[in-house]
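Copied over from TrEMBL:
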- 50-71: transmembrane segment (TRANSMEM)
- 78-97: transmembrane segment (TRANSMEM)
- 103-127: transmembrane segment (TRANSMEM)
- 139-162: transmembrane segment (TRANSMEM)
- 182-202: transmembrane segment (TRANSMEM)
- 229-249: transmembrane segment (TRANSMEM)
- 269-288: transmembrane segment (TRANSMEM)
- 300-317: transmembrane segment (TRANSMEM)
Amino acid sequence: MKKPILPLLILFLLAGVALFVSPLFGMKFIPYNAAGQERDILLNIRVPRVLCAFMAGAMLSLSGMSFQALFRNPLATPFTLGVSSGAALGASIFIRLGLTFSFLGISGTSLAAFGGALLSVWLVYGLTKLKGGFSTPTLLLAGIAISFFFSSLILFIQYVSGLTHSFRIVHWMMGTVATADFGKLLNLLPFFGIGSLLLAFLHREMNLFMVGEDIAVSRGVNVGLVKKLIFLASSLMVGGVVAVCGPIGFVGMMSPHICRMLVGADHRYLMPASLLFGGLFLAFCDTLSRTLIAPAEIPVGVLTALLGGPFFIWLLLNRKGDLEL
């Protein structure tokens, strides 16, 4: 098999260009040689925002890639197992209670969101274990059930909340990196580092999963352990992103699928491609979100959904065969 070095190199160069150029654009074009207040805006607001968007996109893309390998389905997303709904529930409860505290520079909303994400992971894992083993269909169904249950609780919280709290909940659930700074970027780093390293060590196992679990077992793979590690790594990254940026949909579904067209299904190459493309895509969407209707902004989660919806329909119509759990 020919190594897809050229597509990876192009993605790397495009990502570098995006990281360099994106901070220049916003309500007003600000060059790197700007001085005074404009320079502060460029270096202290726009640069960390673009870096945060890139890292969040990379994490969502890697998570989507791993879930698609786990479920052997390109329609799987990082939010399949209810992590996003759990985080949104945690944030909604925090906002409804009117709490305003932070810990070690991390906002209370982010802490509550991550706590909700952990609760979702624990419940999905617990329900799967109750059925015995760690089967993929049970894991998927448990995630869907938890997601629907938490979404219902969020709607109830919005219903009993006042206009101000309800608006804050809705705005948070749209997903945005508008408030990103270097502190939030540092908050994302541990999740990105741990999650991506775990997945990097499991590229061979994910390749075998795409062929079939029986093949993986015949090659000596501890299927149960590998599933748990993939579940843990992906959930950590998704929980971290949602806690900091809110739920940003479709990035984790679109990016790995497009990257398979570019570099193939071998996870040795698909993983770096997904990382680069996911980061590039979300950084690009964030640039559009703050320039299309400037001086106002479009929440980046809304923009990714607008782009991702038609792509999902195209993928559904062009997918060969029936969908499988």
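Yeah, the Cβs are placed from backbone N, Cα and C, and that goes for glycine too.
A contact between the transmembrane segment (78-97) and the transmembrane segment (182-202) is absent, since fewer than 3 of their C-beta pairs, 6 or more residues apart, lie under 8 Å.
Long-range neighbours of the transmembrane segment (300-317) within the same chain, counting only residues 6 or more positions beyond its ends whose Cβ lies under 8 Å from a Cβ of the stretch, are 53, 74-75, 173-177, 245-251, 253-254, 257, 281-282, 285-286, 288-289. Outside the transmembrane segment (269-288) by six or more residues, the chain places 3-4, 7-8, 11-12, 14-15, 18-19, 22, 25, 49-50, 53-62, 64-65, 177, 196, 199-200, 203, 248, 251-252, 254-256, 258-260, 262-263, 298, 300, 303-304, 307 with a CB less than 8 A from a CB of the stretch.
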